[in-house]
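Engineer: Take a look at this one; I'll ask things after.
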Amino acid sequence: MANPFSRWFLSERPPNCHVADLETSLDPHQTLLKVQKYKPALSDWVHYIFLGSIMLFVFITNPAPWIFKILFYCFLGTLFIIPATSQFFFNALPILTWVALYFTSSYFPDDRRPPITVKVLPAVETILYGDNLSDILATSTNSFLDILAWLPYGLFHFGAPFVVAAILFVFGPPTVLQGYAFAFGYMNLFGVIMQNVFPAAPPWYKILYGLQSANYDMHGSPGGLARIDKLLGINMYTTAFSNSSVIFGAFPSLHSGCATMEALFFCYCFPKLKPLFIAYVCWLWWSTMYLTHHYFVDLMAGSVLSYVIFQYTKYTHLPIVDTSLFCRWSYTSIEKYDISKSDPLAADSNDIESVPLSNLELDFDLNMTDEPSVSPSLFDGSTSVSRSSATSITSLGVKRA
C-alpha cells in the first residue's frame, strides 16, 4: 500500500523521470567535479563578483572577532561544497549576502554615512498624492484595526517568505525555488543598499520629532506596533525596532517589496488565485501606513523594485509553469523562456520584410503597362466611371454620360 506522500505527490510522476529529484550525496568530490566542468557566462561572473565583494566588505567591516568571522565563513563554505546542502544554500547566496549586509549596517561609521533626510519623503508624498496618506490612515485607531494591521506587518511578513518557499518547492516546477531565492535576495540586497545610501525618516519620526534634523545616535521607534506590545503585555516590537540595524530605512519599503515579490511568484505559479495575492499586498500597504512605518511613496518604490527584479528573473532563471500539473514531481522536463523568441521586435521568418523579392508575385506590377486598367479612370474616355463618390467627380468638373 502506497504511503500518503506517494499517493498524493508521486502518482503523476512519469516513469524513469528524475527531473524533480534532489541531491542526497554528501561527497564534496562531486561538487568539485561540477565546478571544474562549469563554464560561467558573463552574467554569472557579475553575479558572483558582486556578491563576493559585498561579503568581503562585510567580513572587513563587521566588528565581530576575526576568529568567529573566519569560522562562520568556513561553515558557509562547507555547506556550499556538500552536494546535499549546496543545492539549497548556494542558490540562497543573495539572501545570505543581504542578511549579512543588513546586520552590519548599524556598525558603519557615522562620519562616513550620508545625512538623514527628514523632509523629502513627506514633501514627495504631498506633491504626488495631495496629502500625507500615512497621517490620514493613522488618525483614527482602535484595537480591532491594530490587530488587523499587526497580522500582515508584524507576523506574516516574517513567516511568509518561508511559507512561500515551501509551497513553491512542492507545487511549483523544479528549479523555481532557485529563482525565488535569487529574486528575493537581490530585491532585499538592493533595498538595503538604497536605504544606506539614501537614509530617510519614516512617518513615526515626524510624529515624535517634527521636521527637526535626525542623527544616527537616535533610537528607532515601533510606531503603531507599540500599541500591540501594550495590548499583548509584551515588549518585543519596542525592543526590536528601537535597536534596528537600519533605523532610517523608510525608502524603499522592504515590507512592500517582500509582499510584492511573494505575490508575483504566486501569481506566476498559481494565476487563478491572483486576486487573493493582490489583496494581500494591498492589506500590507494599508498596515504599513496605519502603523506609521512608511509613506505611500516608499511602498511604491519597494513594489517597483520587486517587479523589475522579478521580470529579469522570469526571463533568465524561472522555468515555464504548466498549470495543468499538480506538483514538481509531475513535470517531465524543465523549459525556460527564450528571450529572442519572446522579443516582439525580433526578426521573424514569417515577416513580409524577411521574404526575398524573388519569391514575391510581381506579375501584377510588371503587366500594369501592358494591360488596360481594370479600375475605371477619369481619363479613360466615356467608358470610364470613377469608383469614388459623385461629389468627388463633380468637384473635378466632370459630368456623367
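Here, residue 1 is simply the first one shown, and the rest follow in order.
Every residue, even glycine, has its Cβ placed from backbone N, Cα and C.
Residues or ranges marked as compositional bias 'Low complexity' in Swiss-Prot: 382-395. Swiss-Prot lists Asn132 with the feature N-linked glycosylation site. According to Swiss-Prot, the region 'Disordered' annotation covers 374-401. The transmembrane segment annotation in Swiss-Prot covers 42-62, 65-85, 88-108, 156-176, 179-199, 246-266, 269-289, 292-312.
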Engineer: Write out the long-range same-chain contacts of Asn132 (N-linked glycosylation site), meaning residues 6 or more apart in sequence whose Cβ is under 8 Å from its Cβ.
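Structural biologist: Listed in sequence order, they are Pro122, Glu125, Thr126, Pro203, Tyr295.
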Engineer: Would you say the transmembrane segment (179-199) and the transmembrane segment (88-108) are in contact under the rule of three or more C-beta pairs closer than 8 Å, pairs 6 or more apart in sequence?
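Structural biologist: Touching, yes - the transmembrane segment (88-108) and the transmembrane segment (179-199) meet the threshold of 3 or more Cβ pairs under 8 Å.
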Engineer: Against which stretches of its own chain does the transmembrane segment (292-312) lie, if we need a Cβ under 8 Å and a gap of at least six residues from its ends?
Structural biologist: 121-122, 124-125, 128-129, 132-134, 138, 153, 183, 186-187, 190-191, 200, 202-204, 207, 223-225, 250-258, 260-261, 264-265, 281, 285
Engineer: If we skip the immediate neighbours and take only residues 6+ beyond the ends of the transmembrane segment (156-176), which ones have a Cβ under 8 Å from one of its Cβ atoms?
Structural biologist: 9, 19-20, 184, 255, 258-259, 262, 265-266, 269-270, 284, 317-322, 325-328, 331, 334
Engineer: Between 42-62, 246-266, 269-289, who has the most Cβ pairs under 8 Å to the transmembrane segment (179-199)?
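Structural biologist: Ranked by Cβ pairs under 8 Å, first place goes to 246-266.
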Engineer: Please classify the secondary structure at Asn132 (N-linked glycosylation site) using three-state DSSP.
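Structural biologist: Asn132 (N-linked glycosylation site) sits in coil per DSSP, no helix or strand.
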